[in-house]
């Protein structure tokens, strides 16, 4: 039996077996196997009666029996029945209560004055604006396209005029067909293959066991919130000729509000405002100031006096606020279908990606926390930290010129223990895990995106041929060539002109990167100068922790420089992108995105790269220090290593950056909206706020960022870089990112629902250029983590000592007992009399033993001063260097092989989705054939009744 021919529904989905049976809680209804083709008729009334008799005993409620034509809910039917404003049930309820639908619609600010025409789009202009003629021509052409228009003046400022636009059914249908808007025409039928009895028994046992388990707390409660029930229908491009195929209960609600706004915006983009081929479109009028704003309306208030659990949602905005943007549901999954319905596919994909990224951070955060806790539990057994804490007789050389004193190695006991928390035996495993995690995250996101694209009808969607940017037209209007797609003449940019502009833009990018390097150089000079200042400070706390104080203040100053340069980079990126003269908006957006990411990535990570790979690597040795401009001695690492500096850099920058971003995303719009409301209250009194129509409320909200979702994506991509690139030095980075993202999702949701005007719903198939950037970061993270483990941490020197120089040398062991004597072996001896005059410390070290010191120790592998080649590199240094290079090569090749193997083994399209797509294609063909056949049969019967039958009719 074909699944498209018959079936039982419970109001949500239907399950069919290939044998023609339908399972109903233990009952099975055997149905006649239909012959090939749709010509057979089935007596569905007898089947329905039989099913209802069986359902009486088991208390099952059957909604309906769907055969050829099965209804599917319209958009507004997701709302509570008592709060609908456009369905027939709501109309009858209101009329019975003495209030008609138009009267109520007049009050909610979503309709024209007659209460019947829904507002699909709002244009705002000022009467004092001189572009009167352009607006008049534009609005006259709007009416010519069939759109209905109504104007209202602002209650706050009479100079502000709101133009309300409504698209009648005929206009919506005509342009929906042109835009290939997909609309529902049948409820989906899910096909399940037959299972063996053994597997069925196992499923029954599992289902019984699940009854005793608690319900998943993260899932949205669809029983308490029935409004979350989703449509599940097959869709097809809308066609007026085949309008009888589509499920239309109410023409006013057939196209949802987001689709209506998108159609109206599409019309406005193609309406002329002046004579001339380039004088067309709403965007140009917004650019030249003819209109001040253009936006679709929010669907009413996001708050309600009544509980959503008892009275239902007032509107979709209220529903989104309660089940998505409210802080009380921070632990629940996102209602992505509702987000997509209200804001469009592009914004829905962003939140789908953000939710997927946050979910994938859970295993990374857990493993990172495990690595940190492993360091905590093994701290008392760490031989290296024990030796550092017990080394009271080892005197270290000063870390700066003159003012820095000699110090006991045991004074850095705390730093040695903190370093062990992040640099322990599990660090290498975690670095490999994170490299594999980044690949798995991207590969499974491809699969998740494919499922979303299928569910949201984006598989076959292709972007329309984009319009040329007005700036490009104005610049190259004199030279034209034929567009190979549209066949129309369009402005053309010569190849030489394009190359010259790209060269200038690349030079600008290189110059700005040099500015970043100069800023890092300034931070390096600050660190070099300040460490001596802090070493001579009056407060003992700062004097004894001069290196930590230097690092902390340098990181804070670096953060301030980063934020200031970000403002400069945005302006420079805008200038360079406009200089390139991209042809379309998507090309402009991709070029601007790449520049801004490159600028901010280098700006954010340049100082981190310096600390990880350059700090303390090129300082020379006591008596022969390398100096900056032959004046300042380069900064050395702490006696416990450079990893503690890298941890501080990452921790402070990550926390401060995320805190600042969250404030700017939510706090700034909140303050702006509060200030606007305050001015209104002062001028017109607090009672006037209640009488404001919806278009006035939305106009007083903040517009969405001019670059769309750019800032949201950029923040998360930079965080992804912090989470993966230096994760070997800071295993808690995924945990901090996870905590931030849990807050970020609700902050962004709250901002979109309550603080911003409703953005225009736009479509997209994926996250665009950001996916390529993520792949690049994943590759870079493998290289940087290999260098962090090999160069920054002490993992390789410890390994070489354990197998070659320690007590277990030649035995093939590397436990803690094999690390005895490692600290002494990693320190070289320096004769104090060999100090340069400008480096010689003021103290002679007599406070340690009562007599002036003759020797001090420093971190390096060099010969003692009395050897044949004083202070030359030892054999252990070359062994360690060779081991480091070998580890980098082996680590990179191993991890890259694992990444490519995982990419090969994980298909981009899930197998069940591929089968569903093939099945759906087959069923849609059958359904369209059946519907067309039914129409022809009806026409044939009508002809027979009218006596106009023909002999050559088909079928």
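Cβ atoms are placed via backbone N, Cα and C, with glycine included.
TrEMBL labels come from automatic prediction, so no person has curated them.
According to TrEMBL, the feature coiled coil maps to 919-953. Regional average pLDDT for the coiled coil (919-953) in the model is 73.
Annotation comment: TrEMBL describes 111-336 as domain 'Anoctamin dimerisation'.
Residues annotated as domain 'Anoctamin transmembrane' in TrEMBL: 339-920.
What TrEMBL lists as region 'Disordered' is 72-99.
What TrEMBL records for 350-376 (among others) is transmembrane segment.
The transmembrane segment feature in TrEMBL is assigned to 426-445 (among others).
Here the transmembrane segment (502-528) has long-range neighbours at 550-551, 554, 557-558, 561, 565, 569, 572, 575-577, 579-580, 595, 598-599, 602-603, 606-607, 610, 628, 632-635, meaning same-chain residues at least 6 beyond its ends whose C-beta is under 8 angstroms from one of its own. Among the features that TrEMBL reports, transmembrane segment is placed at 502-528 (among others).
The transmembrane segment annotation in TrEMBL covers 548-569 (among others).
Counting residues 6+ beyond its ends, the transmembrane segment (597-618) has Cβ neighbours under 8 Å at 509, 512-513, 516-517, 519-520, 523-524, 555, 558, 562, 565-566, 569, 572-573, 626, 634-637, 642, 645-646, 649-650, 653, 657, 714, 717-718, 721-722, 725-726, 729, 773, 784, 787-788, 791-792 in the same chain. Per TrEMBL, transmembrane segment is recorded for 597-618 (among others).
Summarising the annotation, TrEMBL assigns transmembrane segment to 717-739 (among others).
Remote same-chain residues near the transmembrane segment (767-791) are listed as 349-350, 353, 427-428, 431, 434-435, 438-439, 442, 445, 449, 589-590, 593-594, 597, 612-613, 617, 646, 713, 717, 720-721, 724-729, 884-885, 887-888, 891-892, 895-896, 899 (criterion: CB distance under 8 Å, separation of at least six residues from the stretch ends). According to TrEMBL, the transmembrane segment annotation covers 767-791 (among others).
Between the transmembrane segment (350-376) and the stretches 426-445, 548-569, 717-739, the greatest number of Cβ pairs separated by less than 8 Å involves 717-739. For the transmembrane segment (426-445), same-chain residues at least 6 beyond its ends with a Cβ under 8 Å from one of its own Cβ atoms are 353, 356-357, 360, 363-364, 367-368, 370-371, 374-375, 723-724, 727-728, 731, 734, 771, 774-775, 777-778, 781-782, 785-786, 788-789, 793, 795, 891, 894-895, 898-899, 902-903, 906, 908.
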